[in-house]
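A.B. asks: Here it is, the structure in full.
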Amino acid sequence: MVQTVEWKDGAVRLLDQTKLPLHVEFLDCRDYFAVAQAIRELRVRGAPAIGITAAMGVALGAQALVATDFDRFKAELWTICDHLAATRPTAVNLFWAIERMKRVVDRHQGSPIPEIKMALIDEAQAILQEDIRMCRSIGYHGALLIKNDQTILTHCNAGALATGGYGTALGVVRAAWEQGKKIRVIAGETRPVLQGARLTAWELMQDGIPVTLITDNMAGALMKQGKIHVCIVGADRISANGDVANKIGTYSVAVLARAHGIPFYVAAPSSTIDLNTISGDKIPIEERSSEEVRTALGSTHLAPPEVEVYNPAFDVTPADLITGIITERGVVEPARLSL
Ligand SMILES: CSC[C@H]1O[C@H](OP(=O)(O)O)[C@H](O)[C@@H]1O
């Protein structure tokens, strides 16, 4: 699996996910503006991957600062943090990672500036490596829930492409596959940005994991036909009461799963849990451009050019529709999250 994001030769190297599945192209961001633009344009996306990338953007921005006075350096770095924090509002990992980078600076008050700059690079690298370890642990705990010969429905992309590597929902799939369980994945295409069609299908095929692509409106019929045994999705923010914000369409899958008695799991690292947000209705939901809905990835027109569009990128699944939240520490009932 190619690396989604990495610090390479003093730049932030991203796999440009807008080019997948037909082209594997990398984008070398040499300043934090380029990192922010890549996040906004979904060249890198997925809650953990956004956090890691923003952390590297902070480290990258710090290298270019010329201030020799700590207070001035800190003030200028906080401006960089604000710029990166303004890229996307829903994935809490973005803000968690930026706050973690800020704590590095505060811990190094009084240290030489060059030492702080190095510490920021080290912290961003540590966030990446921790995320990969957490995904593997999520995979281990989640695979215990998967039986041989089961078919798993997933929505959007919560794989290596959405994380530092290995994936959350797809980390569970990978772990079950690596354990020799004969599983199959049904991937919802995930209109309008098609993360399922373009990214999940590509990612699983790279690993030789059986995957079938469906349009989002097919999920209910497959459940009714008994062809789905379990649903596993990712998350962008989990509120203190266990509500989950995830890609638009997730709530529909959860309702259908409940109607058909199918377990519905959310896989996410603890960096996605936001105990400061008391419930899902308080989670900010990103609204994206009308063109994403009116066209097929900005090309073919699918609708009248002037038609009114509503394009929320996420929805919220209430805790009572979620069978369990799979974290790096194990599987937890949503209602027990903040205990
Ligand atoms: C492993 S979290 C992935 C999560 O992020 C996706 O959103 P986007 O592609 O817009 O960044 C989607 O909600 C996934 O479940």
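Easy rule for this one: first residue shown is 1, then count along the chain.
Heads up, the Cβ atoms here are built off N, Cα and C, so glycines get one too.
Remember, TrEMBL labels are computer predictions, not curated facts.
These came from TrEMBL, pasted as-is:
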type	residues	note
ACT_SITE	ASP236	active site, proton donor
BINDING	ARG45, GLY46, ALA47, ARG88, GLN195, ASN246, LYS247	substrate binding site
SITE	CYS156	site 'Transition state stabilizer'
A.B. asks: So which recorded positions out of ARG45, ARG88, ASP236, LYS247 are up against ligand 1, CB under 6 A?
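C.D. replies: Passing the 6 Å Cβ check against ligand 1: ARG45, ASP236, LYS247.
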A.B. asks: Name the residues of the same chain, 6+ apart in sequence, whose Cβ is under 8 Å from the Cβ of ASP236 (active site, proton donor)?
C.D. replies: ALA47, THR90, ALA91, VAL92, ASN93, ALA245, ASN246, LYS247, THR272, PHE314
A.B. asks: Please report the DSSP secondary structure of GLN195 (substrate binding site), reduced to three states.
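C.D. replies: DSSP call for GLN195 (substrate binding site): helix.
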A.B. asks: Under 8 Å Cβ to Cβ from CYS156 (site 'Transition state stabilizer'), same chain, six or more residues apart: give me those in sequence order, or none if nothing qualifies.
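C.D. replies: The answer is ALA162, GLY188, THR190, GLN195, GLY196, THR200, VAL233, GLY234, ASN246, LYS247, GLY249, THR250.
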A.B. asks: List the residues in the vicinity of the substrate site, defined as same-chain residues other than ARG45, GLY46, ALA47, ARG88, GLN195, ASN246, LYS247 with C-beta within 8 angstroms of the site's C-beta centre.
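C.D. replies: Other same-chain residues with Cβ inside the cutoff are ILE50, ALA91, CYS156, ASN157, ALA158, ALA162, GLY234, ASP236, ALA313, PHE314.
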